[in-house]
Amino acid sequence: MYNLLKGKKGIIFGALDSNSIAWKVAERAHEEGAEFVLTNAPIAMRMGTINELAEKTGSQIIPADATSMEDIENLVEKSTEILGGKIDFVLHSIGMSVNVRKGKHYTDPKYDFTTKGWDVSAVSFHKVMNVLYNKNAMNEWGSIVALTYMAAQRVFPDYNDMADNKAYLESIARSFGYFFGRDHKVRVNTISQSPTATTAGQGVKGFDGFIKYAEEMSPLGNATALECADYTISLFSDLTKKVTLQNLFHDGGFSNMGVSTKIMDHFTE
Ligand SMILES: NC(=O)c1ccc[n+]([C@@H]2O[C@H](COP(=O)([O-])OP(=O)(O)OC[C@H]3O[C@@H](n4cnc5c(N)ncnc54)[C@H](O)[C@@H]3O)[C@@H](O)[C@H]2O)c1
């Protein structure tokens, strides 16, 4: 590998199991010489296999519900202690819609569920940056990345209220990114990833058909979780120091397509 993250310290949110995008990011960050703390919601500790990842990457796990300021404060304090200094990179790889989970349609959600999903999927990013910014816990030229999806810009009916959550998340990246850049020289970006077969991805209704559609629509095919991890590593590295406030499409070209010959073949003989 390239030692792109040698000497860098990070916090990685959202590794649940080996399919998780955050899991691949942790493996790649480890290969590139980084040290980091892994974190996830307390319930995910029981559901997933994060211990295995911690062992493999020599990392410690600090449970934190990303909607709880208290948990995030504890996480950031302990992480700087464990890692012996300020943080260079943070991955926010968190998403969950209660309406999707409970089978509520977009046109008739339960608004308590809407609020909860928004807090977990979008506002948590603000909370994480609030703590990092106000505790002055990031090193200069650090990098913060959150994962998003193109339903923030275009209509994907089964993505439900996650579309709205992602639009909010991307806006937070720009708005908070301004202050983080101005005051701490830290960059903040979102990566808009192809559909990927993970626990969160497969929760979306019609996911199997949709992932095939995106594959046939994209000139380079869908981006895998590992490829997403590679791209994330480049954004954590010193090679992308002036990239900030961006929503970066990592989708094999899908986002700029109108139609592909493969898709057209389904409609012509
Ligand atoms: N899979 C896809 O098709 C796809 C496409 C584009 C973007 N994304 C985004 O990538 C990110 C990672 O998702 P994934 O596909 O790897 O799925 P995943 O299910 O492996 O990861 C989602 C993570 O969010 C965590 N989480 C949920 N509630 C939390 C809370 N309150 N506090 C802390 N963590 C919490 C879960 O425990 C889990 O680890 C999400 O933001 C998702 O929306 C996924």
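Including glycine, each Cβ sits where the backbone N, Cα and C put it.
Those TrEMBL annotations? Automatic predictions, nothing curated.
Same-site candidate for NAD(+) binding, as annotated by TrEMBL with GLY14, SER20, ILE21, LYS166, chosen from ILE94, ILE233: ILE94. A separation of roughly 10 Å, to the nearest angstrom, links the Cα atoms of TYR159 (active site, proton acceptor) and TYR149 (active site, proton acceptor).
For the pair GLY14 (NAD(+) binding site) and TYR149 (active site, proton acceptor), the C-alpha distance works out to 16 angstrom. Ligand 1 lies under 6 Å from the Cβ of GLY14, out of the recorded positions GLY14, TYR159, LYS166. Comparing the active-site residues TYR149, TYR159 on other C-beta atoms within 10 angstroms of each C-beta gives the minimum for TYR159. Within 10 Å of the C-beta atom of LYS166 (NAD(+) binding site) sit 25 other C-beta atoms, taking all shown protein chains into account.
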